[in-house]
């Protein structure tokens, strides 16, 4: 509430000040007859850019007084009798009310549209989850029942195969739950990102340690700058972003022989790029890949493939909550590249 109030006042004062400056220039050029037009336009902009009617109507009255006193003859005197002054005041107030009404309706329409889209995404999410969670849970239940009922008659190799299946499905469920918790907590605004300075090398080391634990046979080429880079972030969440994207490449980049994680500086930004030389991303999925649009993924019978929509949606949510941007594209040479940016911490000369 307070933030919106400050924003609205700042916009109103800023535009009104520019209108005064513009009218003063016109006065110097001896064409002050256009000052009324300048203030009418200023009232329109204020009504368009602020919330409700108050700021537009107040600016209309203030503009009327300013034009009357400083920019119409006799200068530096009030004149509320002249017909042109009354008409100008009337026009300003009407513009303020009409523009305020229009923008209020448009904002309400956009809010309804956004809420409708969120509800649609929630419905898709619940539909996807209801299927995705059932499959591994059924597998775990069946495998554990087989071990309990027929464990003595199974060979050591068969038991290891069943246990490995249980372990893999359990790991997938844990990852799924972590992603769902992150996207619902951050997406609903129930938690605030608390950033702490993190050294880039330490972040990458932690990410690679966890990735190697899950995929010991997958090599990742890592390239980071030689200089020390410090980035304000929630390290656990950014590790989740990098882990999700790397895991996405392992699962979905068919034919992949090379996977790399590159980080470089660009101005005050740290740019993270995860590249692979696999099959790339289908064109119809590329525009939806970070939106959690699960309808696009419904044709897949593999629950792990559907989880990509959830995992990458989590990545987008986390990066945007940090004030960054994330994107994905196919490379001309083959494969895909995921890219996101975060602001670096400013380094002083002493550091």
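Along the chain as shown, the residues are counted starting at 1.
Note: Cβ is positioned from N, Cα and C throughout, glycine not excepted.
Nobody curates TrEMBL annotations by hand; they come from automatic prediction.
Per TrEMBL, domain 'Histidine kinase' is recorded for 128-346.
Under the heading transmembrane segment, TrEMBL lists 6-26 (among others).
Taking Cβ pairs closer than 8 Å, the transmembrane segment (38-66) reaches residues 4, 8-9, 11-12, 15-16, 18-20, 22-23, 26, 85, 88-89, 91-93, 95-97, 99-101, 103-104, 107 in its own chain, all 6 or more past its ends. Annotated transmembrane segment per TrEMBL: 38-66 (among others), in sequence order.
Per TrEMBL, the feature transmembrane segment maps to 86-104 (among others). Listed as Cβ neighbours of the transmembrane segment (86-104) (distance under 8 Å, sequence separation of 6 or more from its ends, same chain) are residues 36, 39-40, 43-44, 46-48, 51-53, 56-57, 59-61, 63-64, 67-68, 80.
Here the transmembrane segment (6-26) has long-range neighbours at 32, 34-35, 38-39, 41-42, 45-46, 49-51, 55, 58-59, 62-63, 66-67, 70-71, meaning same-chain residues at least 6 beyond its ends whose C-beta is under 8 angstroms from one of its own.
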